[in-house]
Amino acid sequence: MMFRLTSVSCILLVIAFLNLVGLTNACTSEGYSCSSDSNCCKNVCCWNVCESHCGHHGKRATFQ
């Protein structure tokens, strides 16, 4: 009985460890917030949002 309980506990521990590794290595998809390029799947964090490419947003200033 003790061997069976230890085996089940060991298997559950391995499953929990694999789930933890999978969650910590997840990257952020395009359109979601980020804090650095390494958070994004495509490695472009632009204005705290994951983007496929980083372009300048807004209009140019015009001088009169």
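Placed from the backbone N, Cα and C atoms, the Cβ positions cover glycine too.
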Bond partner of Cys40 - disulfide, per Swiss-Prot - picked from Cys50, Cys54: Cys50
Spatial separation of Cys50 (disulfide bond) from Cys41 (disulfide bond) - C-alpha basis, Å: 8
Between Cys54 (disulfide bond) and Cys27 (disulfide bond): CA-CA distance (Å): 18
Distant-in-sequence Cβ neighbours of Cys40 (disulfide bond), under 8 Å, six or more positions away: Cys27, Thr28, Glu30, Cys34, Cys50, Glu51
For Cys41 (disulfide bond), the number of other Cβ atoms found within 10 Å of its own Cβ: 14
